[in-house]
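A short write-up of the structure that comes next.
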Amino acid sequence: MATNVGGAVDNSRRSISDNRHDPEKPAELPDTLSGSETERPQDANPEAALDQQASDAAKAHDEGPPDGGTAAWMVVLGAWCCSFCSPGWINSMGSFQEYYQREPLKDYSSSEIAWIPSLEIFFLFGLGPIVGIIFDRYGPRPLIIGGTIFHVFGLMMASLAKTYYQFLLSQGVCSAIGVACLYSPALACISTWFLKRRGAAMGIMATGSSVGGVIFPIMITRMIERNGYPWALRTAAFLILGLQVIACLTVRPRQKPVPKKLPAGRLAAPFTEPAFALLLAGIFILTYGMYIPIDYLPLSGLQEAHMSVNMSQYLVAIMNAASLFGRLGAGYGADIIGRWNMFIIACGVTGISNLAVWIPATKSSITIGYAIMFGFASGAFVSLVGALPVSVSPIPELGYRMGIVFLVISIPALTMAPIGGAILQHASNGWVSLKVFAGVMCLVGSAIILGSRMLYTEKRLIKAF
């Protein structure tokens, strides 16, 4: 992505200070923190110097994100398709877990089979820094094209799989790598087209994963019953391919990326900034509280609320449907009260609902009510978690810093299932202990992110940020 070229050290520091606390304007960092433009060895590479001068001239006439227009909303459309096909697909993995245990992998334990969806979630977020660096240098198109190929090819191979390692490699690795290349670039592109309406645009994009989380499980379950597992996967792969063609044609950054290597010092910079480090710590803790209900609510409904098997399976679809409205509402609310404020409030409400509603949910009606409340409140986590680093990151490092946040999310996403299982198995009152753990993680994570927000706003609590 295009960058601003700094002057002397004092000017660079002043630019960073001016932009750091503005919630409506990402900070801009110079390419170097020492030396002036005249000290660059431009003569060594005349073509690179001309490219840099052209980039500087384009930026000098840049009037900022348009916050609308045909091109901007077409980017949102393509990003919605990416969201539908990446986290929306991941949200359907429960359908495969049940089928694998019943048919092709019935000789394997549930914990062994669980590695397939766990790896998908891990790759979705864990490849974030690598995907981010590629995005910053070359833009979204190579990633989206490559991700589409990996995702579709992995699903086609999974439709032919017969053994455990074939399912693991095709769906848990190949398809998952493709998924990782789709979501982050689309999310980062939206931030270059929108500023004042960025929350709403990201909220609209995030509804794609909710719609996918509702459509894919129902489609896969019904097609396995009627047409068999292989054609269920192939049909899903063809649907994903069609939507990703739209994404390839519409998702593009507002400014042409300038390939350049990020200095090693800048790679480590996010971890040395107290406010950003607090943000990472808060998101790490918060993720545990967000993912435990998603994974364990159907089992809780079956064992505690004595729901039927069919009804307990529909709890995930109910959560995703409620999450759709939560993501839209959080996006529009973020443009009014600030992205950080909206995120912290919604995640705090999620923690309270885990403690106040999920713990006493021993009846079907209460469990369904909790699924709706949790889905609506947790929608802000999905729609706004990428907006937090965007609002405080230098534009040249946008993809990389967003990737770091996703990498932090990947660790709890990978370890959450065994931790939750251990709590259920070894705690004296397993379900209550698990629900308390989820609620406390949400509240503690929200409090830490509030601390990060206070550092960014110089301890001003009443401020749209």
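Each residue, glycine too, has its Cβ placed from N, Cα and C.
Keep in mind that this is a model prediction, so the values were computed, not measured.
Look at Swiss-Prot and you will find 1-66 tagged as region 'Disordered'.
Marked as compositional bias 'Basic and acidic residues' by Swiss-Prot: 11-28.
A Cβ distance under 8 Å defines the sequence-distant neighbours of the transmembrane segment (70-90), meaning residues of its chain 6+ beyond its ends; these are 117, 120-121, 124, 144, 151, 179-180, 182-183, 185-187, 189-190, 193-194, 201, 204-213, 215-216, 236, 240, 243-244, 246-252, 382. Residues annotated as transmembrane segment in Swiss-Prot: 70-90 (among others).
Within the chain, the transmembrane segment (115-135) has long-range Cβ neighbours (under 8 A, six or more residues past its boundaries) at 1, 86-87, 90, 93-94, 96-97, 100, 142-143, 167-168, 171-173, 175-177, 179-181, 183-185, 188, 257, 262, 398-407, 409-411, 413-414, 417. Residues or ranges marked as transmembrane segment in Swiss-Prot (evidence: sequence analysis): 115-135 (among others).
The annotation transmembrane segment is assigned in Swiss-Prot to 142-162 (among others) on the grounds of sequence analysis.
Per Swiss-Prot, transmembrane segment is recorded for 175-195 (among others), and the stated evidence type is sequence analysis.
The transmembrane segment annotation in Swiss-Prot covers 200-220 (among others) and rests on sequence analysis.
Residues annotated as transmembrane segment in Swiss-Prot, with sequence analysis given as evidence: 231-251 (among others). Residues of the same chain lying 6 or more positions beyond the ends of the transmembrane segment (231-251) and with a Cβ under 8 Å from any Cβ of it are 74-75, 77-79, 81-82, 84-85, 89, 140-141, 144-145, 147-148, 151-152, 155-156, 158-159, 182, 185-186, 189, 216, 219-220, 223-224.
Remote same-chain residues near the transmembrane segment (274-294) are listed as 316, 319, 347, 350-351, 354, 358, 374, 378, 381, 385, 388-389, 392, 401, 404-405, 408-409, 411-413, 416, 419-420, 434, 437-449, 451-452, 455-456 (criterion: CB distance under 8 Å, separation of at least six residues from the stretch ends). Positions annotated as transmembrane segment by Swiss-Prot, on the basis of sequence analysis: 274-294 (among others).
The number of other CB atoms found within 10 A of the CB of N310 (N-linked glycosylation site), across every protein chain shown, is 8. If you look up Swiss-Prot, you'll see N310 marked as N-linked glycosylation site, on the strength of sequence analysis.
Away from its own ends, the transmembrane segment (314-334) comes close to residues 91, 94, 198-204, 206-207, 209-211, 213-214, 217-218, 293-294, 297-298, 301, 307, 341-343, 346, 367-368, 371-380, 382-384, 387 of its chain (Cβ-Cβ under 8 Å, at least six residues beyond either end). Swiss-Prot lists 314-334 (among others) with the feature transmembrane segment.
What Swiss-Prot lists as transmembrane segment is 342-362 (among others). Sequence-distant contacts of the transmembrane segment (342-362) (same chain, six or more residues past either end, CB-CB distance under 8 Å): 199, 286, 289-290, 293, 297, 300, 304-305, 326, 330, 333-334, 369-370, 373-374, 377-381, 384-385, 387-388, 432, 435-436, 438-443, 445-446, 449-450, 453.
Positions annotated as transmembrane segment by Swiss-Prot: 368-388 (among others).
The transmembrane segment annotation in Swiss-Prot covers 404-424 (among others) and rests on sequence analysis. Panel annotation: around the transmembrane segment (404-424), residues 111, 114, 118-119, 121-126, 128-129, 132, 184, 270, 279-280, 283-284, 287-288, 291-292, 295-296, 385-386, 388-389, 430-431, 433-434, 437 of the same chain, lying at least six beyond its termini, place a Cβ under 8 Å from a Cβ of the stretch.
The transmembrane segment annotation in Swiss-Prot covers 430-450 (among others).
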Per DSSP, three-state class assigned to N310 (N-linked glycosylation site): helix
